[in-house]
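The block underneath contains the structure these notes are about, expressed in structure tokens.
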Amino acid sequence: MSQARFIAFSDGSALVNPGGPGGTGFVVLDRARPAYRFGGTRWVEDGPNAVTNNRMELRAVLEALEGLPGGEQVEVISDSRYVVDALSRWIHGWRKKGWRTASGEPVLNRDLIEALDARASALTVRYTWVRGHDGHAVNEVVDQLAQAAARGVAGPGEAEVVAALRAEAFLAGGSAAPRSSRA
């Protein structure tokens, strides 16, 4: 699915883990147009759950998948092994075991994992892991978006997002700017 119509990069951050505040960051590229959107959210609390890095990572994927048209192929790229493994490998066993881990404990973050599973059921999603802080320009931008959201400050803007997408050849260079929206 390397030619998925949508590529979604996501990252999450908790300044104090657990406890927060936390933030999410994402960039979604629509290869068919080309167009993209990006953004992030600051989380001071997360309902009855503590703000954690893993919850922010999962929430970032949810935000990235929000609004994508059903039936489309999406590649989600994350530097979180937890996200990639939870959503592509472990989820199948957890469902069979009544949302229990191999050791019999309740699955942490079940609410978000089930929400992502429901959203992904309308799409064809592939989860891909990349090493964080290893020269992946778009991954660095989503990390900066998540960190900025957690701190409650402005993060990278459109110029930085476009530069990162071009650096990794997701967008061609040239004078015509692709359509964008900041979430």
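Glycine too: its Cβ is placed from the backbone N, Cα and C atoms.
The annotation domain 'RNase H type-1' is assigned in Swiss-Prot to 2-151 on the grounds of sequence analysis. Taken from Swiss-Prot, the feature Mg(2+) 1 binding site covers Asp11, Glu57, Asp79. According to Swiss-Prot, the feature Mg(2+) 2 binding site maps to Asp11, Asp143, an assignment based on sequence analysis.
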Task: Pairwise Cα distance for Asp143 (Mg(2+) 2 binding site)/Asp79 (Mg(2+) 1 binding site) [Å, integer] - done: 9
Task: Distant-in-sequence Cβ neighbours of Asp11 (Mg(2+) 1 binding site), under 8 Å, six or more positions away - done: Thr24, Gly25, Phe26, Glu57, Ala60, Ser78, Asp79, Ser80, Gly132, Asn139, Val142, Asp143, Leu145, Ala146
Open item on the list: I want the residues beyond Asp11, Glu57, Asp79 whose C-beta is within 8 angstroms of the mean position of the Mg(2+) 1 site's C-beta atoms, in chain order.
Closed with: Ser10, Gly12, Ala60, Ser78, Ser80, Val83, Gly132, Asn139, Val142, Asp143, Ala146
- [ ] Select one residue from Glu57, Asp79, Asp143: among these binding-site residues, choose the one with the most other Cβ atoms within 10 Å of its Cβ.
- [x] Glu57
TODO: Name the secondary structure element type, per DSSP in three states, that contains Asp79 (Mg(2+) 1 binding site).
DONE: coil
Open item on the list: In the three-state scheme derived from DSSP, which category covers Asp11 (Mg(2+) 1 binding site)?
Closed with: strand
Open item on the list: If I take every residue in the domain 'RNase H type-1' (2-151) and average their pLDDT values, what number comes out?
Closed with: 96
